[in-house]
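S.K.: Before anything else, here's the structure in question.
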Amino acid sequence: MNNAAPALLALVLVCALPAMTVVAAGPTTDTAVSQTAGSVSDPLETSSTADTVGQTQLQHLSAMIEIEDSTNRLTIGDEGQRLYTSPTPAFESTISIADDDLRTDHHRFAFEEQFVDNPDQRAELIEEYHAIVRDRIQVLNEREQRAVTAHAAGEASDEEVLRAFYRNYNEANDLAAFLTELEIAAGQVSGYSLRDEARETRNKLDAHRSELRSELDGTREPARSGQFTVETNDVGYRVSAIVGDRYLHEVQRFDLREPDSEDQIGSLGDWDDYVDTLYPWALANADGASINRLADYQLYRADIAHPQGDLDAFVDGATEQVTREHQELFLSTLPREPTETWEEGDLEVRLNATPGFGPTELTVVDAESGEPVDATISVDGSEIGTTDEDGALWIAPPTGDYELTVETPSETVNVTVEGVAEGSG
């Protein structure tokens, strides 16, 4: 075994991992409740012990935006801190991430040696190192929640919260690779299987391995770098992005996670019914669905492929609410309608919105001729991008109201866009 491998890996990581260029916007006013009346309610107002079917269905949807002809969306409710960023390759210290990689490598090398040297204790060794992987998942969860709540309180920088997301993504991938090695090793032990336990652990690791987080890697080709909108408050976070022809969306609600309370769902059969209540359109139009119960974590997972993209949701068994949601949606498939048109000077700005605070298409044209105009678009004072040859740009808007700036070499248009989360498409 080559003992120099960890040191070499650390050097490669320090030189290769990306940093991010971040532009921040300060706290915003609380407009989400009034804008989403009838669509979103306070999840803490609904009892987790509802006695009737109607009450139970209301409870399931209490943190959701209900949408027609598309997938329902999890929300973080009231607005908090916002930031806008586009990952870029840069050189900066990545000691924490390198340490995570070295820690996992150390465990892997130690396991490999002990597995060879102790043929009579192999099952016990696999259990021991599988427990280490599970313990690290708890560390990932705590790290993420600590960074988000600190950022929402103004006690952590924008870079810190983004670093926590990417650091967890990186370590979760390393742990998943180690878990695969443990599964392979288990296949060499007669009468022993790690299959069911490993399945649950892998599902839990996937919570930190979303498609959106993979796009935080600034070493990708520039054409693949997306523009990210990040929102944090005291109950969770929401991250959304436009990457190519896709809209990526990730939300977590810390307040809806109660792993030490009693599971109210109880079985995979009941979980099927819950999925139909939470995401009726997605399930009715599913191209394929994977429904899992993570009994050791008191979580239920639904991964649904549908005509508009992919939905991945985790539901807490005690609160019976979606606590984490990942969505990947194709822009061309989403229901949209003209929402606003502004005309100022020689410019006409058109806004076509999709429901549920989803992606928004902006088009800038000459007010007289209708010809596309090259313009730079900013949201809340942060530059988002420039319009294409058709005068259009897709943006991932924040929750609630935001300030939109359209700038050309000769003119600037400033407007306030009122966020609307109604579910009609």
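For all residues, glycine too, the Cβ spot is worked out from N, Cα and C.
Okay, these came from TrEMBL:
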type	residues	note
DOMAIN	1-219	domain 'DUF7096'
COMPBIAS	203-223	compositional bias 'Basic and acidic residues'
REGION	203-227	region 'Disordered'
DOMAIN	228-335	domain 'DUF7094'
DOMAIN	339-415	domain 'Fibronectin-III type-like'
S.K.: Give, as a single whole number between 0 and 100, the mean pLDDT over the domain 'DUF7094' (228-335).
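M.R.: For the domain 'DUF7094' (228-335), the model's average pLDDT rounds to 93.
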S.K.: Taking DSSP states H, G and I as helix and E and B as strand, how many residues of the domain 'DUF7094' (228-335) are helix, strand and coil?
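M.R.: Taking each residue of the domain 'DUF7094' (228-335) in turn, the totals are 25 helix, 54 strand, 29 coil.
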S.K.: What counts of helix, strand and coil residues does DSSP assign across the domain 'Fibronectin-III type-like' (339-415)?
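M.R.: Its residues divide into 0 helix, 44 strand, 33 coil.
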